[in-house]
């Protein structure tokens with residue numbers, strides 16, 4: 001071989017990268033600790049000695065000279081980093097796989113994003129810094145996993161090292177997030193030091209992973225020339241297009257090998273991702289669109305039920321999902337399976353997304369009903385595939401589409417960004433979602449036909465009993481929709497409140513990523529077992545696996561807090577791992593119309609049963625399943641169990657190697673993004689009361705009517721605006737249990753707690769069958785208890801009893817939703833229980849925020865006298881006769897103002913606001929007479945911190961804010977503070 005002008009071993013490039021990267025971080029840590037130790041360990045919660053080890057960001061970005069030295073060394077690292085990425089690509093590239101190209105692209109993006117978060121610190125621009133940091137973390141998934149997949153099989157030592165380091169890297173993220181939450185949310189001194197150890201661990205594993213390339217380059221004798229890449233090998237050398245590469249006989253059959261000696265190729269730096277990968281991503285996105293349309297149907301139709309408080313007839317729209325019966329017409333079935341038909345049906349179903357442009361709820365319902373019917377019809381044609389490869393592919397894209405939908409809800413305040421009842425003002429990204437859908441359809445239209453290349457014989461599916469295939473599929477679809485279409489739903493099942501100032505279990509808005517991770521692992525397991533169906537034992541079809549799923553559902557139903565959450569995580573793992581087998585069984589029946597019509601009928605029946613468990617008074621027959629979620633869960637598992645009695649000879653779903661690789665990478669990205677979305681959505685500052693100086697507490701009670709406004713849109717952001725303008729420190733929301741299919745499995749508190757900063761108790765979960773109650777507090781929640789008030793005849797009434805630390809004084813706050821006028825016995829018993837709770841906390845100050853249904857000053861058995869006399873409470877203004885539902889009661893504090901704000905178009909009930917002044921710490925109210933409490937005043941006679949916003953003065957014709965204004969009195973009422981009050 002002729003010599004080149006200049007060449008060095010490629011391993012030297014990798015070694016230089018490792019040395020420079022390690023030097024950059026270690027020098028910053030050493031110099032920072034030497035010069036600014038106490039400054040870099042201090043954070044917003046605590047300093048030295050509670051915090052004694054610095055975080056990475058504080059070390060590299062806050063102080064001179066360590067920051068500058070670090071940036072210089074990172075700049076020097078960039079050259080070897082680009083060289084390492086390019087050399088690894090040239091070693092791994094193959095004409096048989098596009099994966100090395102993907103890894104190369106992500107490696108470049110990863111390197112550039114590193115420069116972003118290094119040179120733009122959080123002090124410069126917090127959002128931009130976080131964007132590049134998140135991009136870097138996400139790119140690590142394909143970089144590491146793809147690098148492992150591209151490593152030749154015979155390089156066992158290198159593959160093993162990369163697997164160990166990558167596993168350690170991603171495992172470290174779990175405790176990292178845990179301690180970050182302990183620091184950021186619970187504000188525990190010392191938690192950030194523990195977080196910092198794991199943050200530095202990520203840096204170590206990141207650098208260590210890249211350093212493994214040195215061994216790989218050395219084993220391959222890879223050298224870099226000024227003009228060409230030169231590879232020396234003792235056995236073989238061959239020149240191809242000016243490049244010398246090794247050719248080993250053992251490598252010619254490997255997916256990750258270099259090109260065959262009979263198929264010379266050239267290096268194309270700007271090669272784009274080839275169609276199979278793009279097609280897979282496109283199919284997953286179109287699956288997400290299917291789930292978006294499918295899950296939007298019931299919230300769109302139930303709008304009419306909750307506003308009418310009765311069966312309005314619109315519920316028949318649910319039957320649109322029974323459209324698979326149309327496939328009993330053979331010509332239609334054959335046509336639906338063709339590509340032109342699939343494109344046409346996809347296009348028609350997009351009308352369900354475009355429906356967001358329609359302003360009237362009834363118009364949207366008509367369009368969404370049509371779109372859901374078309375979407376289910378088209379999806380059925382896909383699911384009813386002709387061989388196990390096609391079924392395997394469809395099962396993977398179906399599962400990924402659901403998980404992607406759940407991820408986007410998790411990142412978008414529990415709302416699917418393309419739902420038609422959202423728009424740009426309520427958290428929707430409808431135009432973006434539709435644009436991506438059209439691009440995917442265009443790709444599908446231009447997509448070449450790929451032949452399935454397999455070495456194994458593909459047997460013809462043996463027809464199985466249509467009933468055994470249909471019933472499990474219907475249960476599977478319902479379970480996915482009702483429990484796992486939002487990652488926080490099953491966590492809400494386990495929620496019980498606070499104890500000693502900390503949550504007893506996982507918080508839905510913080511720990512939803514756990515559900516997504518376990519779902520992803522479940523689907524990962526199914527794909528792994530389907531990758532070589534003839535050689536692996538598929539335990540996901542074994543009866544013992546069914547026992548695991550049934551046991552998990554029992555634990556989820558029976559236990560609470562982390563124990564109950566563990567059951568829901570196990571159930572998520574079980575359901576996703578079983579999905580391909582259930583779809584395969586349904587496809588094997590060969591009776592498309594009967595099988596999938598029955599499956600959707602089972603879904604409809606289970607959906608109705610889940611509504612009946614809440615026992616809304618207007619639901620016919622609801623009494624038979626009231627409060628019996630256990631029966632619905634049992635029915636789900638019994639229906640699903642039929643999938644575990646498959647007849648012999650039924651084929652198993654098979655997934656090709658390329659699909660498996662793409663799916664694994666996408667599952668890794670989804671899992672990481674779920675964690676990053678949680679971190680991104682956390683409030684960036686500590687929770688503080690609106691008025692930190694005076695001991696003023698402003699409270700409110702609002703019945704939000706399930707978070708749907710008069711126009712049928714999500715109302716979270718509009719509610720946030722009112723709460724922000726009125727500066728409420730403590731607020732109770734009622735009719736908030738949205739973790740049901742008919743409400744979209746949503747969480748009304750997400751926008752408010754992120755944007756405004758509140759502690760939250762979401763009240764009794766959906767498994768308690770109430771209408772829902774929520775407590776939001778600017779003050780720490782020391783302890784909270786959920787009560788199910790006596791309800792022998794009507795719906796279960798929820799109540800939250802919480803102890804808050806308000807400026808150092810413990811105050812009990814109660815939020816409750818009592819029964820309706822039609823159930824006087826319920827209201828009487830519920831009022832007695834509430835009075836007992838309030839009286840038992842005497843002499844502690846108490847504030848009651850509730851939906852009572854009574855006239856002011858009404859005698860017993862009406863709730864008013866029971867609550868005020870037996871509960872030892874004062875009405876906020878007993879001279880306000882124009883009340884019926886909402887009431888504010890108090891004890892042990894001075895009331896200074898009271899306002900009633902019109903509902904606008906957000907809900908059907910007004911917002912009531914009461915403001916109180918706390919006595920001096922350690923003292924109590926000294927003059928509690930009626931005369932002292934009713935010293936009415938003008939606002940000008942009170943300090944300005946007691947005033948309500950002037951902008952809300954107005955009426956329905958003028959003034960106010962977005963249709964909200966002070967009504968009834970047309971102004972807030974103000975009260976003088978007694979002269980002898982000790983403040």
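Placed from the backbone N, Cα and C atoms, the Cβ positions cover glycine too.
The domain 'CWH43-like N-terminal' annotation in TrEMBL covers 11-219.
Sequence annotations record features per position, and here TrEMBL assigns domain 'PGAP2IP first transmembrane' to 288-442.
Taken from TrEMBL, the feature domain 'PGAP2IP second transmembrane' applies to 464-648.
Per TrEMBL, the feature transmembrane segment maps to 12-35 (among others).
Annotated transmembrane segment per TrEMBL: 102-120 (among others), in sequence order.
For 132-152 (among others), the entry in TrEMBL reads transmembrane segment.
Note on the transmembrane segment (164-181): residues 140, 144-145, 148, 191-192, 194-195, 198-199, 201-202, 205-206, 208-209, 212, 510, 513, 668, 672, 675, 678-679, 682 of its chain, located 6 or more positions outside it, place their CB under 8 angstroms from a CB of the stretch. Taken from TrEMBL, the feature transmembrane segment covers 164-181 (among others).
Annotation source TrEMBL lists transmembrane segment at 285-304 (among others). Under 8 Å from some Cβ of the transmembrane segment (285-304) lie the Cβ atoms of residues 312, 314-315, 317-318, 320-321, 346, 349-350, 352-353, 361-362, 364-365, 368-369, 371-372, 375-376, 378-379, 397-398, 400-402, 404-405, 408, 416, 418-421, 433, 436-437, 440-441, 444, 481, 485, 607, 708, 712, 741-745, all in the same chain and six or more residues away from its ends.
Under 8 Å from some Cβ of the transmembrane segment (466-484) lie the Cβ atoms of residues 294-295, 402, 406, 490, 515, 519, 568, 571-572, 575-576, 578-579, 582-583, 585-589, 591, 594-603, 606-607, 610, 635-637, 639-643, 645-647, 740-741, 745, all in the same chain and six or more residues away from its ends. TrEMBL lists 466-484 (among others) with the feature transmembrane segment.
Here the transmembrane segment (510-530) has Cβ contacts under 8 Å with residues 177, 181, 185, 392, 395-396, 399-400, 403, 406-407, 410, 484, 486-488, 490-491, 536-540, 565, 568-570, 572-581, 652-655, 660, 663-664, 667-668, 670-671, 674-675, 677-678, 682 of the same chain, all six or more residues outside its ends. Per TrEMBL, transmembrane segment is recorded for 510-530 (among others).
What TrEMBL lists as transmembrane segment is 569-587 (among others). Counting only same-chain residues 6+ beyond the ends of the transmembrane segment (569-587), those with a CB under 8 A from a CB of the stretch are 383-385, 388, 391-392, 394-396, 398-399, 403, 461, 464, 468-470, 472-473, 476, 479-480, 483-484, 490, 514-515, 518-523, 525-527, 530, 538, 540-541, 545, 548-549, 551-553, 555-556, 595-596, 599, 640, 643, 646, 650-653, 655.
TrEMBL lists 599-619 (among others) with the feature transmembrane segment.
TrEMBL lists 662-680 (among others) with the feature transmembrane segment. The list of residues near the transmembrane segment (662-680) in space but at least 6 beyond its ends in sequence, with Cβ under 8 angstroms from a Cβ of it, reads 102, 130, 134, 137-138, 140-142, 145-146, 170, 173, 177, 180, 277, 280-281, 284, 396, 400, 403-404, 407, 410-411, 487, 510-513, 516-517, 520-521, 523-524, 527, 655.
In the predicted structure, the domain 'CWH43-like N-terminal' (11-219) carries a mean pLDDT of 84.
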